[in-house]
Structure formats: C-alpha cells, structure tokens
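Copied from Swiss-Prot, the annotated features are:
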type	residues	note
BINDING	HIS13, HIS15, LYS98, ASP246	Zn(2+) 1 binding site
BINDING	HIS15, PHE16, ARG17, ASN41, HIS135, LEU218, HIS250, ALA262	substrate binding site
MOD_RES	LYS98	N6-carboxylysine
BINDING	LYS98, HIS135, HIS173	Zn(2+) 2 binding site
ACT_SITE	ASP246	active site
Amino acid sequence: MTQITLLTPDDWHLHFRDGDMLQETVPATARLFQRAIVMPNLLPPVTDAKMVTEYRERILAARPAGSTFEPLMTIFLTNNTTEQDIIDAKAAGVVAAKLYPAGATTNSDAAVKALDALFPVFEAMAKHGMLLLVHGEVTESHIDIFDREAMFIERYLARIVAAFPTLKVVFEHITTKDAADFVMSAADNVAATITPQHLLLNRNDLLVGGVRPHNFCLPVLKRSTHQEALRAAVATGSSKFFLGTDSAPHEKHRKESACGCAGCYSAWSALELYAQVFDDLGALDKLEGFASKHGPDFYGLPRNTSTVTLVKEKWTVPSEIILPNGNPIVPFFAGEEINWKVKTA
C-alpha cells in the first residue's frame with residue numbers, strides 16, 4: 001500500500017504549554033488533528049473552571065487563521081478538588097479531569113498525595129459524566145522507576161476501576177505489558193492512549209551509546225518486551241487503545257542539560273510515525289480506528305467527517321525548530337527519515 005486516507009484524527013493527550021510556546025505548539029497540532037485533549041499541568045496548574053476558560057481562550061488565539069481546531073479542556077485534580085469544582089468545570093465545557101500522583105511528571109508537585117481522599121470526587125465525576133485521565137505511576141522514591149506503572153495498577157488503578165464501574169477511565173501513555181493486559185481485560189469503561197515513542201523505541205534507544213535526552217519522557221521508555229506488547233496491542237485493532245501523542249515540548253537547553261526535562265515534542269511527525277509503526281506491523285488497516293475512531297467513540301463525541309491522506313514517501317524530520325522567543329526546540333525523531341508523509345494539495 002502506498003497511500004492511505006483516514007478520517008481526520010484527534011490527539012487524545014498532549015501538552016501545549018503556555019505563553020509564547022502556544023504560537024508553536026497549537027499550529028503544529030492543528031496542522032493535522034481536529035481536536036486534542038489538553039493537559040492542565042501549567043504553573044500554576046489549571047484546577048478550576050475559570051482557569052480552564054482563560055487557558056482555552058489563549059489556545060484559540062494561537063490557532064492559524066481559518067483553523068477549526070478544537071481544544072478539549074481538562075482540569076488538574078488536587079486533594080482540594082470538590083464536587084462543586086467538577087460541576088462548574090463540566091458547565092464550562094471541560095471533558096475530563098487529570099489525576100497526577102504528586103511528582104510524577106512536569107509541574108505535578110501540586111497533585112494528589114492521598115488518593116483515597118479523592119474517591120468522593122471520582123463519584124461526582126461518574127455522576128456528571130466527566131472522564132478520569134490517569135498518569136499511572138507511583139512516586140515513592142524507593143520504588144524503581146521502571147516498576148512504577150505496574151505498581152500503580154496493583155495499588156490504585158484496579159481499586160478505582162472496581163469501585164466506580166460507571167466512571168470512564170483513560171490510562172494514559174501506557175508503557176508496559178502489565179498496562180496493556182490490564183486495559184484489555186478490564187470492562188468497557190477503561191481505555192488507554194499510547195504514544196509514538198513507546199511504540200517506536202525502548203530503553204536501549206535512551207541509554208545505549210550515550211544518553212539520548214530527546215528520547216527521555218515520563219513514563220520512561222521500558223525494555224523491548226514491553227514495547228512489543230504495546231505494538232501487539234495496537235495491531236489487534238482493539239477499540240480500547242487510541243492515539244495520544246503526549247507531545248511535550250521543552251526548549252533545547254532544558255533537554256540537553258545536567259538535569260534534563262522529560263518530554264518528546266512529536267506534533268510535527270506523530271501521525272506519520274504512527275503510520276510507520278502500523279505499516280511495519282502489517283496493520284495499516286487498523287490505523288484509522290486507532291487514530292480517528294476509538295477516541296471519539298470512547299469519549300462519546302462524534303467522529304470527524306473530513307479526511308487526511310498519507311502517502312508512502314520519505315522525508316526527514318527537521319533537526320530543530322526555532323520558537324517565537326528565538327530559542328531552538330528539537331522535535332522527536334529530529335534528523336531521522338520517516339517513510340510516510342501527509343499528502344498536500
């Protein structure tokens with residue numbers, strides 16, 4: 001197959017950041033994606049309806065002229081979140097609330113420390129039809145970073161899912177066989193997003209031959225057996241798995257430093273990279289479901305009706321992009337050749 005046409009995809013997990021960065025990130029995503037679930041981990045985090053509304057306006061202002069791209073907004077759960085916060089957020093158009101264990105990712109220090117205390121909030125979310133998006137890692141310092149996802153399932157996620165059978169839960173950016181197996185065996189109210197980097201890479205690509213800071217993300221890349229389990233999961237065509245890039249930009253100097261930031265900025269190449277994965281797996285016929293159908297179906301939103309076409313044509317990801325402030329950012333797969341390209345008129 002040398003050409004494939006898909007319903008226009010959506011990105012069910014990304015980070016736009018804020019300020020000048022929006023002038024880069026919003027157009028990059030709006031290029032191909034009709035909608036995107038926008039993460040709320042700003043400084044300070046987006047915790048209520050007023051902050052959501054203001055952030056959404058800043059995103060809309062950064063859209064290219066004529067764009068119909070729609071940001072789907074989320075709020076950041078803390079131990080101070082109340083049922084009224086959920087009601088107000090829902091009224092403001094928020095579709096989901098994000099659970100970050102404190103310290104699990106960029107700007108998550110304000111996040112949840114005592115998870116059981118949030119059970120009344122989860123109950124309110126189920127009642128009001130708001131989805132729960134989960135960064136599924138424990139954060140205790142003595143637990144090995146490669147084991148934190150599996151431990152979270154065992155300690156917390158299994159209990160949340162069992163306690164709230166009507167709450168829709170998205171296990172975000174899964175990285176392990178444990179997570180893929182959990183989602184596959186769970187009831188229909190549980191789904192997962194998978195990033196391009198976790199399908200394309202494993203921890204050798206982070207650490208062998210030198211540290212590769214632009215492949216560093218959280219949850220961290222795992223061993224190849226986990227990568228293969230994720231690839232096998234998407235190749236099944238199961239509606240429980242859908243596209244979420246976790247595109248997460250940091251300026252070059254913040255990645256290439258003594259304490260580099262976590263995140264892969266994949267917005268400029270994500271759909272093409274997913275196509276490459278599905279092609280390698282002999283499962284191109286499953287790409288449209290993963291990219292364009294399973295996400296809106298799970299969220300209870302209409303599928304897009306427009307289309308995008310990819311052609312099998314090699315191109316090279318730019319080595320860097322200059323941000324509006326003049327600083328460079330290194331995109332995911334910088335300088336690498338990709339086999340699929342978006343067909344332009």
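For all residues, glycine too, the Cβ spot is worked out from N, Cα and C.
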Have a look at the binding-site residues LYS98, HIS173, ASP246 and say which one has the shortest Cα distance to ARG17 (substrate binding site).
ASP246
How many other Cβ atoms are found within 10 Å of the Cβ atom of ASN41 (substrate binding site), counting all protein chains shown?
23
Of HIS13, HIS15, LYS98, HIS173, which binding-site residues come within 10 Å of LEU218 (substrate binding site), going by C-alpha to C-alpha distance?
HIS173
Tell me which residues of the chain lie with their Cβ under 8 angstroms from that of PHE16 (substrate binding site), as long as they are six or more apart in sequence?
LEU22, THR25, VAL26, THR29, ALA36, VAL38, MET39, ILE59, PRO71
Cα within 10 Å of HIS173 (Zn(2+) 2 binding site) is the criterion; apply it to the binding-site residues HIS15, ASN41, LYS98, HIS250, ALA262 and give the hits in sequence order.
none
Which chain neighbours of the Zn(2+) 1 site, leaving out HIS13, HIS15, LYS98, ASP246, have a Cβ atom within 8 Å of the mean position of the site's Cβ atoms?
LEU14, ILE37, VAL38, MET39, ASN41, LEU133, GLU172, HIS173, GLY244, ALA248
Tell me the Cβ contacts of ASP246 (Zn(2+) 1 binding site) under 8 Å, same chain only and six or more apart in sequence, or just say none.
HIS13, LEU14, HIS15, GLU172, HIS173, THR193, THR195, GLN197, CYS217, GLY263, CYS264, SER266
For the binding-site residues HIS13, HIS15, ARG17, HIS135, HIS173, which one has the sparsest Cβ surroundings, going by other Cβ atoms within 10 Å?
ARG17
Starting from the Cβ of LEU218 (substrate binding site), draw a 10 Å sphere and report how many other Cβ atoms land inside it.
20
Report, in whole Å, the straight Cα-to-Cα distance of LYS98 (Zn(2+) 1 binding site) from ASN41 (substrate binding site).
9
Which value in Å gives the longest Cα to Cα span across the substrate site residues HIS15, PHE16, ARG17, ASN41, HIS135, LEU218, HIS250, ALA262 as recorded?
19
